[in-house]
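Heads up, the thing below is written out as structure tokens.
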Amino acid sequence: MSDALKPLIGLAADRALTRTEAETAFAALFNGEATPSQMGGLLMALRTRGETVDEYAAAAAVMRAKCNKVSAPADAMDIVGTGGDGKGTLNISTATAFVVAGAGVPVAKHGNRNLSSKSGAADALTEMGIQVMVGPKVVEKSLKEAGICFMMAPMHHPAIAHVMPTRQELGTRTIFNILGPLTNPADVKRQLTGAFSRDLIRPMAETLKQLGSEVAWLVHGSDGTDELTITGVSWVAGLSEDGNISEFEVHPEEAGLPEHPFEAIVGGTPAENAAAFRALLEGTPSAYRDAVLLNSAAALKVAGVVSSLKEGAERAAESIDSGAALGKVTAVARITSEAS
């Protein structure tokens, strides 16, 4: 039992914790000092009252401090979603990561098993021949040689094991449902991050600012997806290099792309998703391709290599049609397979 945590649970139910108080509380969780009852008490107190930016930042900072880190270039970025949107779409952020890497931007992607898709990023990558359960040394080799890596959350955040049984028993969303995108082990400074709720995009942008990010787009689709949607409008909270956070909308037409019905981007089994993924990277036209082009355009804008979404979509299409994006998949599969 953690004596330090006990009074903080009571405080958390009544008021927002300060950054220091929240760091003390989450250190107790991640150090394995808290009992399951204390963990559950803290998580539910925060959820019931509603977490604050300081509490998000504190939890993420403690997780980052305890993670198995990865060395990455200064211009590397992450492309990730919270998951948990329940929409079962194709693996859009995963495909986007390879397209962006094919366009020359280093991508250090943080991910896990399926949450919102019928198969998550790790599931689709496994079907594509990529070994995901590899450690930091292999990840760094992949990033250095292929320009992209996939960091499996359990391989980099062992401290989370202390909390997993309690999370599973609670069976409801907690602060941990948004911590993945906030705790990239490569400490990237640029992010395209999807959220399962529009209400999260502003506080998540403010949290990333506190944690030292330079440029980030936090996005949510009007169809409920945790990415820029090809089915209509998306909402964005954008952190710019001057530290300002602005909120705006993105429409597919801004990238020169048509809208598609939601049914056209619904995924299936890991094998089905991997087949769609490969067809996309081989240049097959589809709603899936357009969804990936839209998100890739945004990522390239966040990376600072294009000035408009239309230019970004054109650059992304070139990455696909030249075979560069598929080449990145092949390279990562080779590097991770040689290491396993």
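Going from the start of the chain as shown, residues are counted 1 onward.
Just so you know, glycine gets a Cβ as well, placed from its N, Cα and C.
For reference, Swiss-Prot has these:
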type    : residues                                    : note
BINDING : Gly81, 84-85, Thr89, 91-94, 109-117, Ala121 : 5-phospho-alpha-D-ribose 1-diphosphate binding site
BINDING : Gly81, Asn112                               : anthranilate 1 binding site
BINDING : Ser93, Glu227                               : Mg(2+) 1 binding site
BINDING : Arg167                                      : anthranilate 2 binding site
BINDING : Asp226, Glu227                              : Mg(2+) 2 binding site
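All features noted in Swiss-Prot, drawn onto the structure.
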residue : record                                              : contacts (Cβ under 8 Å, 6+ apart)
Ser93   : 5-phospho-alpha-D-ribose 1-diphosphate binding site : Ile79, Val80, Gly81, Lys109, Ala121, Leu192, Gly194, Glu227, Asn295
His110  : 5-phospho-alpha-D-ribose 1-diphosphate binding site : Asp78, Val80, Met151, Ala153, His156, Gly180, Pro181, Thr183, Asn184, Pro185, Ala186
Arg167  : anthranilate 2 binding site                         : Leu43, Thr174, Phe176
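Across the structure, Asp226 (Mg(2+) 2 binding site) and Asn112 (anthranilate 1 binding site) place their CA atoms 15 angstrom apart. Following the DSSP three-state reduction, the secondary structure of His110 (5-phospho-alpha-D-ribose 1-diphosphate binding site) is strand. Taking CA atoms as the reference points, Asn112 (anthranilate 1 binding site) and Thr89 (5-phospho-alpha-D-ribose 1-diphosphate binding site) are 16 Å apart. Looking at Thr89, Asn112, the binding-site residues in this record, the fewest other C-beta atoms within 10 angstroms of the C-beta turn up around Asn112.
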